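Feature annotations, reproduced from TrEMBL:
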type	residues	note
TRANSMEM	21-39	transmembrane segment
DOMAIN	26-459	domain 'Major facilitator superfamily (MFS) profile'
TRANSMEM	71-93	transmembrane segment
TRANSMEM	100-120	transmembrane segment
TRANSMEM	126-148	transmembrane segment
TRANSMEM	160-182	transmembrane segment
TRANSMEM	194-214	transmembrane segment
TRANSMEM	270-294	transmembrane segment
TRANSMEM	306-328	transmembrane segment
TRANSMEM	335-356	transmembrane segment
TRANSMEM	368-392	transmembrane segment
TRANSMEM	399-420	transmembrane segment
TRANSMEM	432-455	transmembrane segment
REGION	460-491	region 'Disordered'
COMPBIAS	479-491	compositional bias 'Basic and acidic residues'
Amino acid sequence: MEGKDNASLASLPSRRNIVRRIDILLLPLLTICYGLQFYDKAVLGSATIFGILDDLELATVSGGKRDLSRYSAATAAFYYGYVGAVIPASFLAQRLRPNYFLGGAIFLWGFIVLLTPAIASWQGLIAQRVFLGAVESTVSPGFLLVTRRFWTRQEMPMRVGVWYSATGLFSVFSGLVNYGLGTRSHPGIATWKTLFLVPGFLTVFFGAVVLLFLPPEPARDAVIKVPGYNTFSPAEREAMLRATRLEALGRESDKWEWSQVLEALCDYKVWIYFLLATAIYVCNGGVTVFGPLLIKSFGYSSTRAILLQTPGGAVTVVAILLACWMSLRFRNARLLILALSCLPVILGAALIWAPSVNWQKHQAMPLIGYYLLPAFGAPYVMLLSSLAANVAGTTKASFAAGAVFVGYNVGNIASAYILLPSEASVHYATTWKIIISMMCASIGLAGILAGAMTWENRRRDKRAERDGSSVPPTPVEGQQEKKLDSDAGLNKDVEATSSDAAAAVEQRDLTDWQNKAFRYVL
């Protein structure tokens, strides 16, 4: 019997080959669609210097000073819609097939973006942004669910980093497109209106692509099956199942378990992840919400301000991929990398704030500081990969992801109000004080989380040693590749993990609290 099991294990495809196929299939879809989500949000910032503020009365004059409170409200409206819909979106993502759920939502938000040029008042823009935020709230929890289903915990950080780095890639792409549109005449239509047409049409198209070509899960085929591209053989599916068993992540379930929701509410990790997401995304205001206006205040023209945004996107990509590479190079260091990647943001905020520098005469210094701000994408990616690896139980993981994206939106809402036009003479001191404080808070929260999970792992190890537990502990990061043979698929060491006890764990939708074999990844 043992020989038969070993023969069946040896016949399974190589995990390396399977991951290569998954990467080719999913990463382009996830990356492009996540980039379009950023494009749809960020285009409003570019529109501010091409007439939308005056045309929709988003900027008013009060007491001889320009008041941007309506624009701030329109920016925040997106996140009010998002925060109100993200928990239900997490629930639907679990219950519905991801290709139908995500494809339909992406198509709908593209259509909403296409309607933007028809808006004639600031009230209409606020209403439209609420609906747009509600629909786009489906993307992040849906993408995180897809990532959990197809990649292992060790593989997640780089894959999350790749699709999230699309925010930087599309910052460059959208900046170039918006610059091109802004420098051309458009008879019969305001320039700012043309900026929304490109992301709208692209999003509608890719919504259809996701719906038709994305496999719902490893065990199911896409609507349109392309052999060798988006279909998997029975042996490949069995190999993916065994990789999931190896990590004791449990079975994915489409049933909503209220007991897991209660557990998530009582779990300190979920609250820390929520606070981290909030703190990190308060920094978004200096990059996305007020980015073009900030660069213009350094002494650059409107069109040049759009073009000068693009290097910030490149910084985002480099910072995220560097952080992900470091997480692969240095095992159990995600939270340490999260903390370290907050430091460039702190430096950037300090350079812009420097009161002794005349922005009009020394434009380079605040611009360099501005280019360091987008590095805040790196700690957020480390947060997402840590969340995906350390919260088990389908409902609990979905709820925790929803909580993180609520924090993401709370931070974004706050970011819409942190720049005070009256502080231009002191380089918007309040803005940069808040950003520096939030980054320092992120460093502290990451340290608390790392210490707590280390203590819990040691406690579980001692209990397993004392009780002689029959369920082998989940491999800590860095040991998994000893279980997975890069050339022959799964080697004999996996046989222990594929025991009856481990299989029983895999067949149950256990949370990280319930499954005592679970070990947290730092």
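Any Cβ shown, glycine's included, is placed from N, Cα and C.
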Best-contacting stretch, by C-beta pairs under 8 Å, relative to the transmembrane segment (270-294) and drawn from 126-148, 194-214, 368-392: 368-392
Any contact, the transmembrane segment (432-455) to the transmembrane segment (368-392), with at least 3 Cβ pairs under 8 A: yes
Stretch of maximal Cβ-Cβ contact with the transmembrane segment (160-182) [cut-off: under 8 Å; candidates 100-120, 194-214, 306-328, 335-356, 368-392]: 306-328
Beyond the flanks of the transmembrane segment (100-120) by at least 6 residues, Cβ under 8 Å: 33, 36-37, 40, 56, 92-93, 128, 131-132, 135-136, 138-139, 142-143, 146, 189-190, 193-194, 196-197, 199-212, 214, 216
Interface check, the transmembrane segment (368-392) with the transmembrane segment (194-214), three or more C-beta pairs under 8 A: no
